[in-house]
Ligand SMILES: NC(=O)C1=CN([C@@H]2O[C@H](COP(=O)(O)OP(=O)(O)OC[C@H]3O[C@@H](n4cnc5c(N)ncnc54)[C@H](O)[C@@H]3O)[C@@H](O)[C@H]2O)C=CC1
Ligand SMILES: O=C(O)[C@H]1O[C@H](OP(=O)(O)OP(=O)(O)OC[C@H]2O[C@@H](n3ccc(=O)[nH]c3=O)[C@H](O)[C@@H]2O)[C@H](O)[C@@H](O)[C@@H]1O
């Protein structure tokens, strides 16, 4: 089937590449000329494990092409995916300007029946809105379908190719059949395509993200309480995660959730509730707790250094909002960097993938090192922001020599408390006893 994907960020790129992989003819459209040029030259503009090989194979075999021209991109397409940004607008609700601009542009250039798919995360009612914008200038029939995306960055290809479920919101039989056909190769036995109306599909996406953000936040609050009562949040995670009603995943306490989606989607759902005159109390609490959680290690640093951080050199391990990505949107590291700089610290940071993106945002106010150990040289303390696997089993012999003080502030609970005691470290983590050397 010929399909077009408008917008080639994380979602568009993965959607386009994976549907090419299942044998479709895919054209990716983006207004960013540099990005399109890069992709034409075989360069994948994001870091996403497994994507580059898939991308280049499909490109080289002629199933994946790129253009900045919308009309050329949608030519002969049976399905058009909108994978456009929906950032928070001024009041926190999702800004639909990118989606509606493309909807306006599409109307006059459609020349045959087509299914237009909202792949972006959009508030309830957007499918109808997109439909009305296209209809203003359209001369052919079309259907607008809501097909939210549930992939996670870092495992995006795996999530897309083997989805737990595919949600499709449509009231059109014709669109339903076409979407079913497109997704058939991706849906494993038992992992269903779930059909519903457009509004329910739009709401499903927000419900999923808000629920997961709440689950993490609940554990972060349990962690905060654990610190006060002298319990260990990792034991509690194991203790409750084995209950299949609760489930093992997304129970890891840490320095708050970040990324391009949880923060904006929780906020947008709260705004939607307000618009419909409903006070969604849990969501406000989730946002408040997460805000505090992100910088909760800073007071511990102050405690350790006797109140004043001025002139202290802090080594930061991890800048990305989570491992296996170079994405730094809403990363807890950025909030900590800001506070550390305000307190007069010198920062030496290492991240295997995300340093260039941080440099692009904050420049050279911190030092970016080539490896994790270089960041530790002459550092007064180590802070851990992202659980990249290489940080889990470091060479403590090397660290002992490089760090000025044997002290670690760990926002991701990477090390066992007993091991830190044995190694003679002062070790602050989340929701667990502080180990004092
Ligand atoms: N990043 C993620 O992991 C996930 C994101 N989503 C949702 O998917 C949507 C897209 O997110 P990302 O891929 O992260 O966005 P992104 O911001 O990384 O990329 C969006 C792309 O759209 C392009 N664009 C903007 N206006 C355009 C236009 N008029 N014509 C063509 N291209 C245009 C931009 O140049 C950019 O390349 C958002 O609604 C997001 O909430 C959903 C699931 C996962
Ligand atoms: O709508 C989206 O964009 C996507 O948002 C999240 O995916 P993503 O933001 O890529 O990353 P997650 O793995 O969900 O992690 C989000 C944040 O939560 C944090 N987290 C996650 C899990 C956990 O147990 N504890 C925890 O603090 C991570 O460190 C990270 O900062 C969802 O998991 C995806 O299903 C969804 O498609």
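Positions of Cβ are set from backbone N, Cα and C atoms, glycine also.
In the three-state DSSP scheme, residue 261 (active site, nucleophile) is classed as coil. What TrEMBL lists as active site, nucleophile is 261.
According to TrEMBL, the NAD(+) binding site annotation covers 30, 35, 86, 121, 153, 264, 329. Within 10 Å of the C-beta of residue 30 (NAD(+) binding site) there are 24 other C-beta atoms, taking all protein chains into account.
For the recorded site, residue 153 (NAD(+) binding site), the DSSP three-state label reads coil. In the structure as shown, the Cβ atom of residue 153 (NAD(+) binding site) sits within 10 Å of 25 other Cβ atoms. The substrate binding site annotation in TrEMBL covers 150, 151, 152, 153, 205, 250, 251, 252, 253, 254, 258, 322.
For 315-417, the entry in TrEMBL reads domain 'UDP-glucose/GDP-mannose dehydrogenase C-terminal'.
Annotation: 121, 329 are the binding-site residues among 30, 121, 205, 251, 253, 329 whose CA atoms are within 10 angstroms of the CA of residue 261 (active site, nucleophile). Taking 30, 121, 253, 261, 264 as the candidate recorded positions, the subset whose CB lies under 6 angstroms from any atom of ligand 1 consists of 30, 121, 261. Put simply, 121 is the one of the binding-site residues 35, 86, 121, 153 whose Cα lies nearest to the Cα of residue 205 (substrate binding site). Residue 86 (NAD(+) binding site) sits 28 Å from residue 253 (substrate binding site), taking the CA atoms of both as reference points.
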